[in-house]
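Feature annotations, courtesy of TrEMBL:
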| type | residues | note |
| --- | --- | --- |
| TRANSMEM | A:12-29 | transmembrane segment |
| TRANSMEM | A:36-56 | transmembrane segment |
| TRANSMEM | A:62-82 | transmembrane segment |
| TRANSMEM | A:103-123 | transmembrane segment |
| TRANSMEM | A:129-147 | transmembrane segment |
| TRANSMEM | A:154-175 | transmembrane segment |
| TRANSMEM | A:181-203 | transmembrane segment |
């Protein structure tokens, strides 16, 4: 595969995939919550661009709606909500000391390799470009999980959760040019409700443990001690 | 087909009504009425299916076939009986000062929301919508788990939200891969419709479908409560209000398994390896055994029975995984009897906890002396769930064992061992709770045990003789899933 021989759209999609993957790594190593949220919004914006690009090159109108939804939800509403929470809790100056940052980054890199390995059979049926796009989406999903594991703040967990959604959305756009409209609206609705619920939860967690550090949610055990 | 739309319409109206007027005092009764009407609608739907066979709606958006129709009726039935139980239960919780009017309003609206999500999972023909509805069910119940606002309940709800949310995201990735495989062979418009996928299953790329199935199993498996993805389940069951535990165990787990089996049917059609079945067998057996051991170490009565749910879901997953016609039939039957028995048990457990004023097993003593009906209900329910004859669970577990002996004889000892350990685990806790002297402080409560009796009577009936039309549905569903007739 020589990238110079591909058409403009494919080249653009590949660069987008690379950038989306990069933002995931940036989030992984980020200890400051406000910056984390900013990078998350950036990832959402890249998704919006990808969707709009696909919509334009395929002349597909319903993808414009998806792009608008992504812009509204992932670039504006969710980052705004999270930012508000952080400021409200006065956490914007805290730097979360990430344990084993090197190991986590190395783990992230191996997850990316793993994604390529898992999805390799797909090459048989389609181009290597598809493999790249899908593997990046899967690694965004897995990196989102790693982000949730390595961070202790509830806000970071929500960012991880939503960035998993981003990975899935990217897969849907690139591999299949979006899902059927009804599914896409449904998913967007679920994301919206989830975001609102997270907001409610922040309030509850704060009132119950007076912090958003999820390590302190440790009352329930598999077996009673 | 109108019946199917009605089934979806009634809970939607229910949500609206409760959001607007949920603070009124008779909401509990209204909730019962909504569920009763819904049960009527599902019965009508079932009669339609009985007369005409599989129904596909005109836009192909909904599909009612023998596999889901009985689950739909079961959903409506358990929804109704649980709502009958929940009305006085929630009123009592309010008297104790644990709940406010506002939270009751939330509870009833979300009860209907949950029912809507369940009906949508079952009736939809679109794999994407199925995912959306499954996630919707999480979203509807997550605030109910934290309804009491205790630190424990908030922790449980957070865990439930994050684990199930992340888990089910995997299922969406699987769905996208499925769609990707389908777009390559068929028209784009209908590519996510199950009926279309099923017809063209042999054309789908087996490798992509196998990868997709792994993600689906992990995703929906989180909701089934398969070990090691089960962590949320005991917490959510023990910290939420008891009616919620009853519907979570009785309905949500079943529907998640239903989603996995639907996907397995597609993978089996595309690929000739038995990879999907083996994966399900492995996860199922692991969950079954691990949960059986965990039963021994529980101190909370609701946690005890939620581990029992994991155990039974594991067994069903295992049975569907074997994939022979006998095991599939057994799994379908087990889904029904487990759902009926477990929701009945949670209803009794709810009353027992109110009698004792605590959910800790150590604090619940001498139930038969305090309030005989609750004590006997709990005892008989436990006997039924542990798989004693003549109850239905015995029949289905026996069939699973038989099917295992046919297909994988060397796994039979493991199953028997698990059943034995689970039995011991349940009874060592139940025996002191129902027999023995009652503590001074224990007082009888106002309890409506009709739902329990009806459920247990049905389970008994299913154990003695399965009615003809139901057996017919089970057989047709078995043919659909496993490809051959049972027995």
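Cβ atoms are placed via backbone N, Cα and C, with glycine included.
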Review point. Cβ pairs under 8 Å with the transmembrane segment (A:36-56): which stretch of A:12-29, A:62-82, A:103-123, A:154-175, A:181-203 has the most?
Key: A:62-82
Point to revise | Sequence-remote partners of the transmembrane segment (A:103-123) [C-beta within less than 8 Å, at least six residues beyond its ends] | key: 21, 24-25, 28-29, 130-131, 134-136, 138-139, 142-143, 146, 150
Study note, to complete from the structure: Here the stretch out of A:12-29, A:129-147, A:181-203 with the most C-beta pairs under 8 Å to the transmembrane segment (A:62-82) is A:181-203
Check your understanding: Hey, which bits of the same chain come close to the transmembrane segment (A:129-147), Cβ under 8 Å, at least six residues off its ends?
Key -> 1, 6, 10, 13-14, 17-18, 20-21, 24-25, 27-28, 104, 107-108, 111-112, 114-116, 118-120, 122-123, 156, 159-164, 166-168, 170-171, 174-175
Exercise for review: State the non-local partners of the transmembrane segment (A:12-29) in its own chain: residues 6+ outside its ends, Cβ under 8 Å from one of its Cβ atoms.
Suggested key: 3, 6, 36, 39-40, 42-43, 46-47, 49-50, 53-54, 98, 101, 104-105, 108, 112, 129, 132-133, 136-137, 139-140, 143-144, 146-147, 150, 159-160, 163, 166-167, 170, 174
